[in-house]
């Protein structure tokens, strides 16, 4: 294919002009007869024309879309005119709509005239004649008479100022006089150059300086603080020369408050960053270097510079401006200046610190901290500060009576608070948590609003008035008590929705089989099983556990149904229980608060009002069954050794409620929970407590452990005949026909503890048991046994540290405890865990030291009795999760009361018989200490003999025969030192003693003797 280029256009010839065809055409062209214009030229012209048309069409199509898009702009630009802006920029200026309309109307008129002319009838001109006689005459445009102007001529006369022309000397003299006048009258001076510079004369340290206004005085931190041209600089230097410009400044004389001062840089002793050597305009200091205001600094340096501005003056100016704007405009007298200005400033500062205490008035953190404080925090923190400022103003500024009156009122307003918390508590207790209906809701709201005291807002006052109005309306409308509803209309159906126990649904507390994992709770639950449950001996059968006796009757368990038969008929008989006496729904089944039923504290009924009677409850093995009125949930009991089965002791069935609460207890609180139940609640509940006492105990636990409020209860059966509640455990119930209590959670059971609840069931008994009383003598014996047994002592220190206080019953026990180092070890253990226990053990150590100084037993007991009151006050501190705590408190209180009584008797001249009895107690306890010490000495002797035997066996073989006798003497002396007993020589011993002690003197048969000592050591350890 051939290509021909026309200018910038490239033409590709088609196949007709191939190279072969071109050669053939060229040969033909060389012939003379074919020298005319060939077809090749025509083809080239056609191809070129085609390319040009293609280019033009492509160009037109390329610009067509843009032209259509910009057509509105072109149409608008048609009526725009070009203008020239600054720097020769020419642009279009849009015309107004009025101008465009006028232009379009003119174009329309012209087009219309042209159209009428073109389309009008033809006019034929036959001839054109010219009158040559008449010459063309110029006719002037007719004169238009101008109307007279009636405008008033301006009377303003243009003033033309004559230019002031001065010589250099006259100008200098003029500026000096201006400077002298400004200096004398304190006027500002403005120097107008490229930029305006304002200055004035000011006094600092009895010296007059010329001061310019720099930009950082306005609060900004620019890079250039002041810009001066050369002419302004000369004038500024002339004004500075009229002040103490040439004063020599020592190091440190340029201080804050001198921003903008014009000084001589030659007379400055401080290191400085100068702009030139003619002037130095103070800006501030950066890294101990003075900075000139004209010097350019970076943005970082401008923030780091310590500017020498005068904040006090700015504060004074701001205070003055605001005071003048806010002062009273209308007064009944003429205001005069009677008080001292400085004292006014002092009092203003006192008032400022009283209202808004702060470290610095410019500190943003102080302002934010104060703004975030509540009214209670402000009152608690600053009430004493306000009182101090009031006292200062009263002592130093008594003439400011109005300020004293303001501070007094402000302090009284700050202290307006309702401190009658006792009445608030009583009202809340009398109303209770469940009374949400009127008028109790209004009373509760008024009680909550009044307790706020001075913190009540205007909205609170409005709400209190509204509630009081409702109470007045209620009291007005109530003319008689609401008639109580009939028992026949009482309905208390089971809820259709099952209670959701989130503790049993949490994946983190379930194992792979979906069973509840007790974790650390399993270990601490043993306190319940060890004290309140019996282990079922399967070999004896289940029959002995079927009948459960109570103070008012019996109930049969379904534990015998654990033995099941393969005979279906016999198995169906196990589904039949033993029917109890049938009771209809009566007042005994209901609980009321006021005139309303408290349904969770009532028995469950059917839809027709008949009571829901319990059916046979099948037993399970090692399960805790929770869920009272809903579907029961089976939780595996903590695992026991050998898969033993536990059953609550007679009267202990209510412990299952506390065991169910343990499910909701956090693992780290399980120890304190179980100890609180064991040591605090169960001793108070005693045997067969009432439901009211049990509910109160549950409320006590719910306060300490709020997560137990939604713990599910085991099924509780109501026996109205025996007036007793039965808490059903995993062994079910064979007795049927009892009523069922509706309460399903601990929070619902707590309602029985309210005094406002009218219910006969509050006095019903619940299963319980009596814990063995703490025996002081047994505990003292345990303490004596642990003195010389480190393992037992360690267990005592960790689990029952208050048992150490029982040593005050005997001086011998106290000193033995001190000499063994147990008190010191207890102090070291508890010093980082409980400061109270560490202080108690330290007091016992100090008491033991004082007791050791007394010579007689009565004197030792007197020392202990004198310190019993101090120990009692230190020990008694609320409730502690230790069994020995209450025992120690009671012991110390008894000793304290006995000592006070004995002092009274001694003062009256009576003798006390007790002085003859301490030796009897000491005689009873001292053998235990001696026996323990003898066992320790015996073990020590055995270990000593074993050590000496090992030494003798090892080293006598290596000695020379002549030196063995000397070695025997050395070993004999070592034994006498260790065992504190003199050892006889072998020559003076009997044959039996020689055989017994032969190990000490001869290495013969040492292995046999060692074996005999090992056997004796085992015997001693067993019997000690």
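Every residue gets a Cβ built from N, Cα and C, even glycine.
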Pick from 360-363, 364-367, 368-371: which stretch is listed in Swiss-Prot under motif 'Involved in interaction with stylet and aphid transmission'?
360-363
Tell me the Cβ neighbour count for residue 216 (active site, for P1 proteinase activity), meaning other Cβ atoms within 10 Å of its Cβ, over all protein chains shown.
20
Could you break down the residues of the domain 'Peptidase C6' (645-767) into DSSP helix, strand and coil, giving a count for each?
56 helix, 25 strand, 42 coil
For residue 216 (active site, for P1 proteinase activity), the one of 225, 653, 726 that lies nearest, given that the active-site residues are compared by Cα:
225
With every protein chain in view, what's the tally of Cβ atoms within 10 Å of the Cβ of residue 259 (active site, for P1 proteinase activity), excluding that atom itself?
21
Summarise the model's confidence over the domain 'Peptidase S30' (165-308) as a mean pLDDT value.
87
If you draw a 10 Å sphere around the Cβ of residue 726 (active site, for helper component proteinase activity), how many other Cβ atoms fall inside it, taking every protein chain shown into account?
26
Using a 10 Å cut-off between Cα atoms, which of these active-site residues sit near residue 653 (active site, for helper component proteinase activity): 225, 259, 726?
726
Ten-angstrom check, please: count other Cβ atoms within 10 Å of the Cβ of residue 225 (active site, for P1 proteinase activity), all chains counted.
28
